[in-house]
């Protein structure tokens, strides 16, 4: 990319040596760039503002058309609508995205009367019956989508393009199906796009002021656009971290500007250069950082109550939430202390036990990690021998240490027993494999004994203080609440009390597994005392509490948690895709389906392919230009050539910064991640068109502007036609199977044409009840090739194959009834429900067999709703095979093969029953793969529900 021209020494006017027609060039004596005029967007002629208003009105019509449709939860509205509920209730949650857009969506809902009671739990869940102001919440992204159109217009004008070109670029945004789809739903991408576009407008305008030289430097317009660039950067990064790509783009071009200033030794003194540098540091670094941190300040002010995301945060962080804070507790831990012990690394919670037994192994009482405060977290610390009274006789009982004249503090290396107060059993380990992690280096941890039982040697654990992790000199010598980090080493086997992010099955309420690991990793074997009580440590005893991390501590911790959580989203998703497929629009995303309608995110192929072609054309141009420059050609002496190279190169650079970093990411990626890059590619396309038709001399188009206008009109007409063809997928409008199949150019465009009816007239007879029950599932679509109920039938669809880790009765199915016109004389008489259990071969299991398997296997629960048609006399009407039966859940279909992970090998010594169930699961997955996938929320938006 060519940098803005600067002068080396005064020179007389000279004739360009470009191969183009002779052009008189005025060489500047300062850093003013050649061929640059003042394109202040505040000083445009009135006709330009009228044109901008016209395309904005058009965008408003397109974006708001039937925005109330569909009236149920769509795709990631599951997450971002749910976050609005949590903001209103003040419940802390964890999301991988910064808070600005979520706060704005919450504000829109709150102003419209949303009380936060609706949970947005499932795709397809109805908005109307509970009275959710979903239209108002969707209006926020819609307004952002509308504003994207005039922002494109003004940016192209700020870059020096003709009004016709600016109108063309704006209309390309209007008729881009993918941007339309995102702008009509409660999603973050539309706010992200407007902030990215605003930053592009501000920086383009600032660059125009900068390139006009010293006469414009530090003028009000110069300062305004520089400050707005910083504000835009802060806002963009505060919506999604994709905004840091925008920061990288602006930063690289700012460094180029400073480099040019540094080379102007005649007009830019060191003091003036320092002024330029400080101005940019303040506006492009201080303002964005301040804005970004302010958004998290508001985030913390709103979320003051514990929620399902606080398990991701440290104990110090959690203590700042209402009801999570604790009173000061005695700092010294002695024998006889009643304590709660917390795991340090996973934030999984407290060492916990309850009166339930392991179904396998020793079948002794379970030991788990529980994330909430509970009386079952309390342990009494006993010495391995009973204390002696003044006569030298042992004092019996677990409360014996209360009778001592002074407390006996627990020191590094002491051996103790942990007595569970509520069940009267002691923490215990032995050479038995745990129920889930059955590795040889893992031993089971249980609670063993009964009230009055003194225990045995397998109850002994040695305290090993980790000095480098403990806070204070005393905490490195003896056990102190919160301050001391320690390990508990089982004396008999040498293993270490250990926990990791592995959940136990339903028989343990899916709490976190605790084991005794031989050579366990240090972070996962570190514990500390949180609560501490001892009768001999009264009010005068030294107290301790968590240190308040303050705003900066909470801010930095949350950034780290967001980073690690984001990086951990590596599992395949049914609708993910990889960066090489984005510029060619290889695949979209299934958002929603119901009532023979579908919403599928797919771009306008005319816009995508032409913008990709423009980027490719510039890449070829740049390569040839560099080769010619190396061979001594003086193309860059031509100001038009130079401006083409710099101005389009700027936008292509923005495209590259917003596209290529995704190649480095292993996490889940989706088509909508390409939208910021698409915006800049469209900018490059329009600038290339403007140069070819209005600026480049010698090819006849500049001299005959009618051809340029006619070409833009034809191109926009084609774009609008293609937009109309695919608009049913954006709006969720009626469509026919034949029209759908004709529009489906590639097999990878995998929306389901069988979702739609055969003829538009069938939609007019379809009585759609907006308040009807909807799918309580994340997969509401009927897969491709599924049997279609005949015109007289009523088939109610239900989700199949949901995970349940224990054997429990299936909940009553929630029936969604797509209304179908029934022939005269037919009606719904009744519904019957029953639960059946079958093995992997489909054989029916009796209750005794089910009971025998309980706790040993995990079942996949299949929900089926079968419909019998009867006439007025009660006679059953035969149906074709498969009609009225819900099709298999397409849970794994559509996964991009490049994102699939490798299957884990099965353990060779797994119980036979478990192997059979696994075979059943694989069988069901293979069935599902034959059908098209259904809409599922992207896990990138997954909130924290625990660790």
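Quick reminder: no glycine exception, Cβ is built from N, Cα and C everywhere.
Here's what TrEMBL has on this protein:
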{"type": "COMPBIAS", "residues": "1-16", "note": "compositional bias 'Low complexity'"}
{"type": "COMPBIAS", "residues": "915-934", "note": "compositional bias 'Basic and acidic residues'"}
{"type": "DOMAIN", "residues": "330-384", "note": "domain 'MIR'"}
{"type": "DOMAIN", "residues": "407-466", "note": "domain 'MIR'"}
{"type": "DOMAIN", "residues": "476-532", "note": "domain 'MIR'"}
{"type": "REGION", "residues": "1-21", "note": "region 'Disordered'"}
{"type": "REGION", "residues": "869-947", "note": "region 'Disordered'"}
{"type": "TRANSMEM", "residues": "96-114", "note": "transmembrane segment"}
{"type": "TRANSMEM", "residues": "134-154", "note": "transmembrane segment"}
{"type": "TRANSMEM", "residues": "192-210", "note": "transmembrane segment"}
{"type": "TRANSMEM", "residues": "247-265", "note": "transmembrane segment"}
{"type": "TRANSMEM", "residues": "277-301", "note": "transmembrane segment"}
{"type": "TRANSMEM", "residues": "606-627", "note": "transmembrane segment"}
{"type": "TRANSMEM", "residues": "648-665", "note": "transmembrane segment"}
{"type": "TRANSMEM", "residues": "677-694", "note": "transmembrane segment"}
{"type": "TRANSMEM", "residues": "706-726", "note": "transmembrane segment"}
Worksheet entry | Close approaches to the transmembrane segment (134-154) from elsewhere in its chain (Cβ under 8 angstroms; 6 or more beyond its ends) | 41, 51-52, 55-56, 58-60, 63-64, 67-68, 71, 81, 84, 104-105, 107-109, 111-112, 114, 127, 166-167, 169-170, 172-174, 179-180, 182-187, 189-191, 193-194, 197-198, 200-201, 679, 682-683
Item to complete: For the transmembrane segment (247-265), find every same-chain residue at least 6 residues outside the stretch whose CB is under 8 Å from a CB in it, and list them.
Response: 3-4, 6-7, 30-31, 199, 203, 207, 210, 229, 233, 236-237, 273, 276-277, 280, 284, 288, 650, 653-654, 657-658
Discussion item. Against the transmembrane segment (96-114), which of these stretches has the most C-beta pairs under 8 Å: 277-301, 606-627, 677-694, 706-726?
Written reply: 277-301
Worksheet item: Per DSSP, what is the residue count of the domain 'MIR' (476-532) in each of helix, strand and coil?
Response: 7 helix, 27 strand, 23 coil
Worksheet entry | Tertiary contacts of the transmembrane segment (606-627) (same chain, 6+ residues out, Cβ under 8 Å) | 1, 172, 175-176, 583-585, 635-636, 641, 645, 648-649, 652, 655, 678, 681-682, 684-685, 688, 715, 718-719, 722
Practice prompt. Report the mean pLDDT of the predicted model across the domain 'MIR' (330-384), rounded to a whole number.
Written response: 91
